[in-house]
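Undergrad: Positions annotated as compositional bias 'Basic and acidic residues' by TrEMBL: 658-673. Residues or ranges marked as domain 'Ig-like' by TrEMBL: 24-109, 223-302, 312-392, 400-485, 491-580. As annotated by TrEMBL, region 'Disordered' applies to 625-682. Sequence annotations record features per position, and here TrEMBL assigns transmembrane segment to 591-614.
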Amino acid sequence: MCLALLVILLHCSSLKAREVFTINKVEIRADPSLQVPNGDALTILCIADISKSGNFMIEHHFTFFKDGRILSDITSLQNRTEYKIPAARFADTGEYVCMVKAKEKKKKSEVMLVKVTGLPKPKLTALKNMVTEGEELVLKCEVPEEAPPLTFTFQKLLTPGGPVTRTKKELEKNFTTIEIPVEPGDKILRFQCIASVYSAHGMQESAPSDVELVTVVEPFSTPALVIEPSLNVTEGDNVKLVCRVVVRNYDIEIIIQKDKVILNSTRGQNTLTYFTKVSMQDNGNYTCKVELGSVSKEKTVNMVVTELFSKPELIHSAKMIDEGDWLQLQCKVKGLLPVTKISIKTRYLGKDNLLNDSSSFITKAHVNNTATYICTAEINGIIKESDPVKINVYAPVSIPQLWIVPSVRDVILGRAIRFQCQSMYGTPPITYKFFRGNKTVNSSQIFNKLPAEFRDKPTEVGVEQYSCEASNHHSHIRKRSRELNITVIAPVGKVNLISVPKREVEDGKGISFRCYVETGSLPINFKLLKQNNRKPISEDTKMDTEVIWYKETWSKQDSGEYFCEASNPTNIVQRSDVISINVILASWQKVLIALFVLVIIVILGCGGCCWYLWKKRKAKHPSIEMSGSAGVTNSAGVKLEPRQNSDGQYYPGYMDDSENHMKATDENKDSGENRYSSTDSW
């Protein structure tokens, strides 16, 4: 029993010494809620759930994060703490996380999204409460409680087209300023501004600021424009235009203009006058404009001018006249008063030349009378001119000439031919027509003395007839050139070469070559050539599409590759495919060679037989000699021949016996006896 109690006590003291704990969970909360109105208090709570092995104290380190950045570090013995925001702003919107660390252990809470809704009302300030037209008004809008980035929208209220807005973004400041020009006619300006902010968690917009009032002062009044004697006048009347303005000691500029043309101007005065004698061109709107810097005010009136007499009219017999016909011009004027002066003139490059000081002009037309004509009339100092009339006098065209460029006798089928046609005389513009036979190919109008150019591509071989025709605005003349005959030739087509016999010919015999073309104009030049040899073997010009060459005797050196070339007056050369000719031996040459070879074989056979018999006979002779001379020596030990004695002298009868023995052996051989009988006798 005592032993058990001792074990329990030792175990308890061991647990106390270790102080075991674990962090189960870290919880984060928002008070009063996850969505808070802008300006309200916000509290972020962090609670740690920790299990311990005993009743011991642990020091907790709390770290608050917002969008990944550290907000606060708090150390406490308690298992909970809080982070307080007295007045929440939109900048406090974000994702919050709490981390608890105890000794070497730590744990994070879940992510909590807190949203702050709304923005404080911005403050709008005008740096000046009274401005002059044309000035730049500076406005400042700010939201002191919020952090950038912010977007500010300025509004100009009570404008005819509705509020005028301007937007400006600020990335580093919680305020911004803009400059707004004060327009002419503004009296009291009203402004307000709105702030907005954008983030990954949404957008918030403030309520409009209080309205800011600004008073506008005029530097000068709107001008008054008066036309004297009245707004309705008659041509020739003297008219005065007077522009007046009320100004407050400013260096203003006054301008009187008609449409965009400035008639008169002054600076530093409050009145401007313009005098003129009016004509119909003075009818229209007149404007008095007063300017000071960027401020401009104007007044426009319309002056109506009554016509004293109408614009003169130049009557003509015709605008296009044949040379030699009558040119008649007459100037007519409609008006209440008699015409003081009337004239008919020509105009060239803006310069007028007087023809006649009367209302009519008549002459026989010449090409030099081609010109622009006008007439002028004057009544009571007012001069008017008619609309210009262009009169053209036409000389007839001459017979045109047609030629080829460059000049050639024959043309190639399918190739374009360049023609030129020209009339040396006649008033431009001249119209040229180009014909192939009686068919119109093309036409061209030339406005100078240069020839007209045409192109045509023949489609058939033979003779083509071409011509051209020239005409202008002369009413009667139309002339045609002589016919130009053109010979159209076709280049040679595919060239073919054949031989008889084909490929092989016996030495000493002849061969025929046939070269022909499928198409082409005559005459045709044919050439027979050997490969790698520039000089033709044969050449002929034929009024035919083929040629035949024959060579009687061929030798071995004539073997090779041959081809044919063909051309005609088009100078386009076509070449046939290459054919190979091999010269072989003649029949008699083959027989002779065979006989020669046969003779050689016979000779070699006979020679072989003789050599064999000789070889065989030589093989028999050594055995006979050895059997007849074995052991026969003289006293000196020298071997003796069969007919010698010991002293080296020949015996008279020994040779005969030997010869008789050899003869007997040959006879036995010839009679078919046993060929070894003589050897056995040895």
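In case you wondered, yes, glycine gets a Cβ from its N, Cα and C as well.
Unlike curated records, TrEMBL annotations are generated automatically.
Burial and contacts for the listed features, if you can.
TA: Looking at the domain 'Ig-like' (24-109) alone, the prediction's average pLDDT is 90.
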Undergrad: May I ask you to check whether the domain 'Ig-like' (223-302) and the domain 'Ig-like' (24-109) make contact, with contact taken as at least three Cβ pairs under 8 Å and only pairs 6 or more apart in sequence counted?
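TA: Counting Cβ pairs under 8 Å (6 or more apart in sequence), the domain 'Ig-like' (223-302) does not reach the domain 'Ig-like' (24-109), since there are fewer than 3.
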Undergrad: Could you count the residues of the domain 'Ig-like' (223-302) that DSSP puts in helix, in strand and in coil?
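TA: Tallying H, G and I as helix, E and B as strand, the rest coil: 3 helix, 53 strand, 24 coil.
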